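Look at Swiss-Prot and you will find 7-248 tagged as domain 'ABC transporter', backed by sequence analysis. Residues or ranges marked as ATP binding site in Swiss-Prot: Gly39, Pro40, Ser41, Gly42, Ser43, Gly44, Lys45, Ser46.
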Amino acid sequence: MMTESILQIRDLSVYYNQKKTLKDVSLDLYPNEITALIGPSGSGKSTLLRSINRMNDLNPEVTITGSIVYNGHNIYSPRTDTVDLRKEIGMVFQQPNPFPMSIYENVVYGLRLKGIRDKSILDHAVESSLKGASIWNEVKDRLHDSAVGLSGGQQQRVCIARVLATSPRIILLDEPTSALDPISAGKIEETLLLLKKDYTLAIVTRSMQQASRLSDRTGFFLEGDLLECGPTKAMFMNPKRKETEDYISGKFG
């Protein structure tokens, strides 16, 4: 019996200044899976990711057609509350971006925006979120130190904890390890594999090894087209498209 998808993208196109940069993409995300989005720079991976929680709305030169259905509703409906949407569909960026405040305040930032002031609720959220991001033991004795003073890898895990604190169902990650050293990147990967037990994840990555290690499904993008999508093992062992095979084998990138 096939698992029902948690989010359905249908015929999604994105235009920047009337130039079509994402072309009629259809893709599903499935619960408790990691989907990797691979392809050369400028192929549309990050554009798709930013469309899933409407980050592209912040650019007035962007036009979007098609649909993304989550919880039975098209997220591009005028009735969609984008603040609530981004709590349900969180995002972690390429460069760690902790706010210039304490580790504690970074994690509870979204909760405070929701009006939560109860210290016991905030304390519990901080501990559970930092544990979820696999960094609690490293920072539990310095929660009121500035998050900016942490290493790059620790900062990125605090950013993951900040997303977890709002209780999302889907976590989007845009090359979350590309700015990190290999050891820090490895810790992030271990964290993501643990998180997929409770969340749905989609990750943009330039590393074929990372996509192979982490993901259950992979989508290959080229010049705005989703050329191929399917189970990662099958795609890496027997890609259906020559372009996919050439990219995975490093013939272009």
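Along the chain as shown, the residues are counted starting at 1.
Placement of Cβ uses the backbone N, Cα and C atoms for every residue, glycine included.
The structure displayed is predicted, hence computed values, not measured ones.
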Which of the three DSSP-derived classes (helix, strand, coil) applies to Gly44 (ATP binding site)? coil
Cβ-based neighbourhood (8 Å from the centroid) of the ATP site, residues Gly39, Pro40, Ser41, Gly42, Ser43, Gly44, Lys45, Ser46 excluded: Thr47, Phe221, Leu222
Mind telling me which of the binding-site residues Gly39, Gly42 has the densest Cβ neighbourhood, counting other Cβ atoms within 10 Å? Gly39
Which of Ser41, Ser43, Ser46 (the binding-site residues) has the most other Cβ atoms within 10 Å? Ser43
Let me know the most crowded of the binding-site residues, choosing from Pro40, Gly44 and counting other Cβ atoms within 10 Å. Gly44
Local Cβ density at Lys45 (ATP binding site) - other Cβ atoms counted within 10 Å: 26
